[in-house]
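Peer 1: Starting off with a structure, shown below.
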Amino acid sequence: MRSKKLWISLLFALTLIFTMAFSNMSVQAAGKSSTEKKYIVGFKQTMSAMSSAKKKDVISEKGGKVQKQFKYVNAAAATLDEKAVKELKKDPSVAYVEEDHIAHEYAQSVPYGISQIKAPALHSQGYTGSNVKVAVIDSGIDSSHPDLNVRGGASFVPSETNPYQDGSSHGTHVAGTIAALNNSIGVLGVSPSASLYAVKVLDSTGSGQYSWIINGIEWAISNNMDVINMSLGGPSGSTALKTVVDKAVSSGIVVAAAAGNEGSSGSSSTVGYPAKYPSTIAVGAVNSSNQRASFSSAGSELDVMAPGVSIQSTLPGGTYGAYNGTSMATPHVAGAAALILSKHPTWTNAQVRDRLESTATYLGNSFYYGKGLINVQAAAQ
């Protein structure tokens with residue numbers, strides 16, 4: 001009898017242990033968060049006076065992790081799981097929760113464009129971009145290149161903190177088209193005396209979070225840049241990105257952005273972001289015969305065209321190479337803006353844009369060509 005009682009007690013104890021173990025596993029499973037993703041959390045304008053600490057608390061209380069709070073955009077970059085996203089969308093202080101999308105460089109493969117946009121006519125008059133600051137918001141610039149004069153910069157890529165290293169080559173190529181030096185070697189840029197600033201927002205694979213791009217644009221605003229070149233883009237819109245682009249333009253900066261390399265798709269626009277925003281100058285690509293490049297994105301948002309096929313420019317390591325893309329067309333426009341500002345330093349960014357667009361050479365249907373090919377000689381009159 002005693003043996004039977006002992007066996008029953010042992011069985012009960014084992015049952016209790018297994019029950020507690022499985023109960024604990026269930027609690028752990030239930031408490032495990034879903035896959036976290038990167039988001040941008042925007043706060044309502046009525047909450048603009050809310051302290052940074054309070055904004056951080058709003059996100060943290062929902063289980064989110066704040067990565068960065070912006071200076072000119074009433075928003076923060078954060079890592080959130082699905083539950084936190086749902087709860088933040090219900091919070092009365094939150095205006096929006098949007099995915100922190102990834103933008104990619106617009107370059108396809110592996111120049112003449114300087115003459116095609118008539119930049120030498122201004123060079124011969126002594127206007128070469130002096131005293132104009134151009135922010136190249138891209139993958140960094142190889143500052144050791146003998147054909148480039150990089151005056152400063154910053155990196156917003158967490159894993160690649162040196163803005164003067166360019167693992168993708170993209171930013172260095174873009175920089176050369178804007179301002180390769182007039183020094184008898186290599187190539188000549190549109191605006192060879194302009195001051196280049198390397199604002200790194202794309203990593204060595206040519207990709208970058210929208211939040212990195214926002215940080216880069218904020219840096220350009222804070223450091224009083226005159227021109228911003230963005231040879232990058234993504235397919236998704238962003239309230240935060242639009243806000244900071246608009247802020248840059250309202251601060252007096254000329255903003256040129258690549259339209260994209262998505263070609264045309266019937267009557268649908270294929271222009272990417274941020275070029276799609278009205279405040280930017282959206283740039284498409286043509287070849288040396290002024291024919292639209294087959295890869296050049298089309299849409300009603302397209303503003304102007306510039307050379308973007310077989311563009312020879314600087315590459316890391318003191319070398320040179322030819323690339324194709326609206327990424328290569330855009331720096332022709334940024335360089336042209338710098339040339340105009342060197343001749344007319346009191347002109348506003350709106351005046352520069354208007355002159356570039358109103359004097360462009362008509363090439364065809366605006367859906368595919370915008371206002372046409374820029375003519376910086378005419379624009380600077």
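Each residue, glycine too, has its Cβ placed from N, Cα and C.
These numbers come from a predicted model, not from an experiment.
Swiss-Prot lists D138, H170, S327 with the feature active site, charge relay system. Sequence annotations record features per position, and here Swiss-Prot assigns Ca(2+) 1 binding site to Q108, D147, L181, N183, I185, V187 based on similarity to another entry. Swiss-Prot lists A275, Y277, T280 with the feature Ca(2+) 2 binding site, giving similarity to another entry as the kind of evidence. The domain 'Inhibitor I9' annotation in Swiss-Prot covers 38-103, and the record cites sequence analysis as its basis. The domain 'Peptidase S8' feature in Swiss-Prot is assigned to 111-380; the stated evidence is sequence analysis. Taken from Swiss-Prot, the feature signal peptide covers 1-29.
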Peer 1: At a 10 Å cut-off from the C-beta of S327 (active site, charge relay system), count the other C-beta atoms across all protein chains.
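Peer 2: S327 (active site, charge relay system) is surrounded by 33 other Cβ atoms within 10 Å.
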Peer 1: Could you tally the C-beta atoms, other than its own, that fall within 10 angstroms of the C-beta of N183 (Ca(2+) 1 binding site)?
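Peer 2: Other Cβ atoms within 10 Å of N183 (Ca(2+) 1 binding site): 11.
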Peer 1: Other than A275, Y277, T280, which residues of the chain come within 8 Å of the Ca(2+) 2 site, judged by Cβ distance to the Cβ centroid of those residues?
Peer 2: V245, V255, A257, V271, Y273, P274, K276, P278, S279, I281, A282, E301
Peer 1: Which one is closest to D138 (active site, charge relay system) in space, judged by CA to CA distance, out of the recorded positions N183, I185, A275, Y277, S327?
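Peer 2: In terms of Cα distance, D138 (active site, charge relay system) lies closest to S327.
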Peer 1: Near D147 (Ca(2+) 1 binding site), how many other Cβ atoms are within 10 Å of its Cβ?
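Peer 2: By my count, 23.
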Peer 1: Using DSSP, what is the helix/strand/coil residue split across the domain 'Inhibitor I9' (38-103)?
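Peer 2: The composition, in the requested order, is 21 helix, 25 strand, 20 coil.
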Peer 1: Whole-number answer please: how many Å between the C-alpha atoms of A275 (Ca(2+) 2 binding site) and D147 (Ca(2+) 1 binding site)?
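Peer 2: Each residue's Cα considered, A275 (Ca(2+) 2 binding site) and D147 (Ca(2+) 1 binding site) end up 29 Å apart.
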Peer 1: Select one residue from L181, I185, V187, A275: among these binding-site residues, choose the one with the most other Cβ atoms within 10 Å of its Cβ.
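Peer 2: When each Cβ's neighbours within 10 Å are tallied, A275 leads.
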Peer 1: Taking every residue in the domain 'Peptidase S8' (111-380), what is their average pLDDT?
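Peer 2: Across the residues of the domain 'Peptidase S8' (111-380) the model's pLDDT averages 98 on the 0 to 100 scale.
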Peer 1: C-alpha of S327 (active site, charge relay system) to C-alpha of T280 (Ca(2+) 2 binding site): distance in Å?
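Peer 2: Cα of S327 (active site, charge relay system) to Cα of T280 (Ca(2+) 2 binding site) measures 14 Å after rounding.
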Peer 1: In the three-state scheme derived from DSSP, which category covers V187 (Ca(2+) 1 binding site)?
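Peer 2: Looking at the DSSP assignment, V187 (Ca(2+) 1 binding site) belongs to neither helix nor strand, so coil.
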